[in-house]
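Beneath this line is the structure, given in structure tokens, with notes to follow.
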Ligand code: SF4
């Protein structure tokens with residue numbers, strides 16, 4: 001009996017270790033691919049008390065120990081004075097961890113509830129207020145980078161939200177200059193799946209603070225997109241990964257944005273493209289070989 005228990009405990013430990021390694025590898029890869037952190041940076045890690053931001057801080061601390069460069073980390077939580085916010089949880093966690101931290105107390109909850117009629121979604125004003133405060137705090141703490149805990153699934157959901165409801169091909173950037181032009185905002189979890197941060201939070205036993213204390217409902221459209229992606233992945237495993245990889249493999253000449261590609265000035269140069277084009281842009285039933293004067297594209 002003991003041998004069986006030992007075996008399963010060993011397996012759990014092995015899987016947990018694999019998960020930690022995967023998170024470190026993916027975060028390290030995103031940091032490298034987008035040059036997110038450089039020598040001498042002071043990174044403000046925004047900690048909401050949710051699973052993703054805990055995972056972000058934890059993995060960044062591990063990577064910092066192994067990194068060939070020196071950078072500083074300061075954890076920052078914005079206490080928005082939502083009812084029942086357990087204000088003692090994060091200070092205790094961060095003190096035990098030995099990480100420099102700052103808790104910014106700003107009652108955005110009252111502002112939002114005063115300005116937004118009851119029953120309407122408050123997230124957009126709340127996020128705008130939070131963003132402004134975080135930029136100011138980054139300035140005061142001397143942080144040049146602001147790290148946020150958005151992961152691969154947040155990026156994908158945003159991409160589909162923009163496409164379905166905003167008519168734009170636009171995701172969530174892994175790295176961008178803040179609205180005030182002074183800081184670099186980075187998303188080191190950009191390659192990490194949400195299910196991995198979920199599992200990691202459970203493994204590490206992070207003291208999670210629920211995100212619905214303000215009483216606001218999660219955006220219904222985002223909920224629908226999340227369900228759609230989950231359903232796709234169930235029916236066609238690998239599809240979500242393929243869509244995500246498409247975000248880094250953009251072919252402007254095969255889209256319709258005239259600002260991205262110079263369609264109007266496009267000229268023929270008489271030089272054949274040696275690779276041809278193997279994209280999915282042909283009619284499945286076309287038979288170009290039978291059309292006189294047309295040289296069919298040769299598959300690679
Ligand atoms: S869920 Fe509440 S705290 Fe979070 S962004 Fe929306 S209004 Fe703000």
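Keep in mind that glycine also has a Cβ here, set from the backbone N, Cα and C atoms.
TrEMBL annotates 123, 126 as [4Fe-4S] cluster-binding residues; of 24, 214, the candidate listed for that same site is 214. TrEMBL assigns the feature motif 'PP-loop motif' to residues 48-53, out of the candidate ranges 42-47, 48-53, 54-59, 60-65. Surrounding the centroid of the Cβ atoms of 123, 126, 214, where the record places [4Fe-4S] cluster, the chain contributes additional residues within 8 Å, namely 112, 121, 122, 125, 127, 216. For the recorded site, residue 214 ([4Fe-4S] cluster binding site), the DSSP three-state label reads coil. Taking the Cβ of residue 123 ([4Fe-4S] cluster binding site) as reference, residues of its chain lying under 8 Å away and at least six apart in sequence are, in sequence order, 216, 219. The number of other CB atoms found within 10 A of the CB of residue 126 ([4Fe-4S] cluster binding site), across every protein chain shown, is 20.
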